[in-house]
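The following features are taken from TrEMBL:
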| type | residues | note |
| --- | --- | --- |
| DOMAIN | 100-518 | domain 'Major facilitator superfamily (MFS) profile' |
| TRANSMEM | 21-44 | transmembrane segment |
| TRANSMEM | 150-170 | transmembrane segment |
| TRANSMEM | 177-195 | transmembrane segment |
| TRANSMEM | 201-224 | transmembrane segment |
| TRANSMEM | 236-257 | transmembrane segment |
| TRANSMEM | 263-282 | transmembrane segment |
| TRANSMEM | 349-369 | transmembrane segment |
| TRANSMEM | 375-397 | transmembrane segment |
| TRANSMEM | 404-423 | transmembrane segment |
| TRANSMEM | 429-452 | transmembrane segment |
| TRANSMEM | 464-484 | transmembrane segment |
| TRANSMEM | 496-513 | transmembrane segment |
Amino acid sequence: MPTMDDILEHIGEFDFFQKQTFFLLALLSAAFTPIYVGIVFLGFTPDHRCLSPGVAELSRRCSWSLAEELNYTVPGPGAMGEAFPRQCRGYEVDWNRSALSCVDPLAGLATNRSHLPLGPCRHGWVYDTHGSSIVTEFNLVCANSWMLDLFQSTVNAGFFIGAVGIGYLADRFGRKLCLLVTILINAASGVLMAVSPNYTWVLIFRLIQGLVSKAGWLIGYILITEFVGLSYRRTVGVVYQVAFTAGLLALAGVAYVLPHWRWLQLTATLPNICFLLYYWCIPESPRWLISQNKSAKAMGVIKYIAKKNGKSLPASLQSLRPEEEVDEKLKPSFLDLVRTPQIRKHTLILMYNWFTSSVLYQGLIMHMGLAGSNIYLDFFYSALVEFPAALIIILTIDRIGRRFPWAASNLLAGAACLASVFIPEDLRWLRVTVACLGRMGITMAYEMVCLVNAELYPTFIRNLGVLVCSSMCDIGGIITPFLVYRLTNIWHELPLVVFAVVGLVAGGLVLLLPETKGKALPETIDEAENMQRPRKNKEKMIYLQVKKLDIPLN
């Protein structure tokens, strides 16, 4: 029987319908950016100091400049290893005393300021920013700084739970239904988060966004992969992720224009409301319908695609059945991901590579950000590096294949991290260059794992396989802040050593996977198990049969 790829050769592999659907789903990809990395702006922590009402009055009376006020009233840097005492502690002094002079108000209290007692910030903090974030509004600094870590960990925990749960539902009940439900919940929770009265409600609605947003992004990826033909599959997969990079650039611009976190959150959520219109624009995946023995509905979608593309469907292709004749529709199971030896090997290697991509991708951004100056420009420039990564993939993936560029990108990222450890601090330009190469390498690896993951699983567990494996990147997202900030306290370059080891191991494991270049998407477990064996005879037989049946119709 002809496969879906055979049918797409007749009705269009990437014509008007696929281009329209790809554009719509690319918008969905770009809109996922504020949820995945929005913490950079929503949780921005500006420089801050203790709020002392008496200091403000004394500053007005003495006509101090801001620099003079900070010099006279704020503690200096603490001893080695003491973190930011001037941000979390203040002098235990009654600043309302009339005897305090304007020249050096603390000189009459102690000959050496270091002898003055320090205490916690009892009246809150003053933040040096013209905007706002959840940090400045809810005072998530000093003793409460862990609450910002919890905010980000909650999002990644939502990614993890949602990827597994909704991945199963998408394979069980269909891609379109689950996509629309995730969009609706994402839009509602995003708006509610923007108007939340306190930190607890912000955390709850952010968790809900995490539960549905990444799953929706990956369902969109699966949909467009299943709609296009074999020769266009890798291109749309890469460009779908380039849309995410475009979202990074847009997010930097929107955050610069809207420096207040509530307005930024609301603006970033609004596109999701428009995405509900996709109910009338995007049909269900015909591959999924075929795998569920819903041949009549699948044929209806195929005829719709042919009509939109201005093509006619040959009569010989108007009878569909799955390649495996079964009495009941195939139901996805988590055990299908580990039951057979080859798929089990694929699952374990893919899970590790998802984990590695997340740790290195987010970790390199955090590590470089420790020395950053302008948050908007740093974010913008780091996003630009991702475009050459996508271009390299597009230019090499069909000439060389998937496996070797993927392995090389992991090895490049690992080697760049290791090289950065030995580059002196005074060679700033070289450190930045090597860091950019590492960011480019891990970006390529991230995009490659998305592409290859979908190509290694049969149709009825493809969505489940992608979402379960990709859930490991959420585990990586949960622990990455601890890897970066805790290990940096021990030795500034120690996180880079860890990243190097993890990346180099990932590059070696990739070489154990089969090459998927030029191969049709597997439809059954047997096809996925035998991907390293050529299927040329079967493909030629199907092709000749179709040609033979088409000749009398012409």
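Cβ atoms are placed via backbone N, Cα and C, with glycine included.
Fewer than three CB pairs closer than 8 A are found between the transmembrane segment (349-369) and the transmembrane segment (263-282), and contact between the two stretches is not assigned (pairs 6 or more residues apart). Confidence annotation: the domain 'Major facilitator superfamily (MFS) profile' (100-518) carries a mean pLDDT of 83 in the model. Taking every recorded stretch in 150-170, 177-195, 375-397 and counting its Cβ pairs under 8 Å to the transmembrane segment (201-224), the highest total belongs to 150-170. Below 8 A, the CB atoms of the transmembrane segment (375-397) and the transmembrane segment (429-452) form 3+ pairs separated by six or more positions in the chain.
Tertiary neighbourhood of the transmembrane segment (263-282): same-chain residues 20-21, 24-25, 27-28, 31, 34-35, 38, 41-42, 176, 179-180, 183-184, 186-187, 190-191, 193-194, 223, 251, 254-255, selected by CB-CB distance under 8 Å and a gap of 6+ residues from either end.
Counting Cβ pairs closer than 8 Å to the transmembrane segment (404-423), the top stretch among 177-195, 464-484, 496-513 is 496-513. Of the two recorded stretches, the transmembrane segment (150-170) does not lie close to the transmembrane segment (429-452), with fewer than three CB pairs under 8 Å once pairs fewer than 6 apart in sequence are set aside. Counting same-chain residues at least six beyond the ends of the transmembrane segment (177-195), those with a Cβ under 8 angstroms from any Cβ of the stretch are 28, 35, 162, 166, 169-170, 201-202, 205-206, 208-209, 211-213, 215-216, 219-220, 223, 262-263, 265-266, 268-269, 272-273, 275-276, 278-279, 282, 284. Residues 14, 18, 22, 25-27, 29-34, 36-38, 41, 217, 220-221, 224-225, 228, 264, 267-268, 376, 379-380, 383-384, 386-387, 390, 393-394, 397, 446-447, 450-451, 454 of the same chain, all 6+ positions outside the transmembrane segment (236-257), place their C-beta atoms under 8 angstroms from a C-beta of that stretch.
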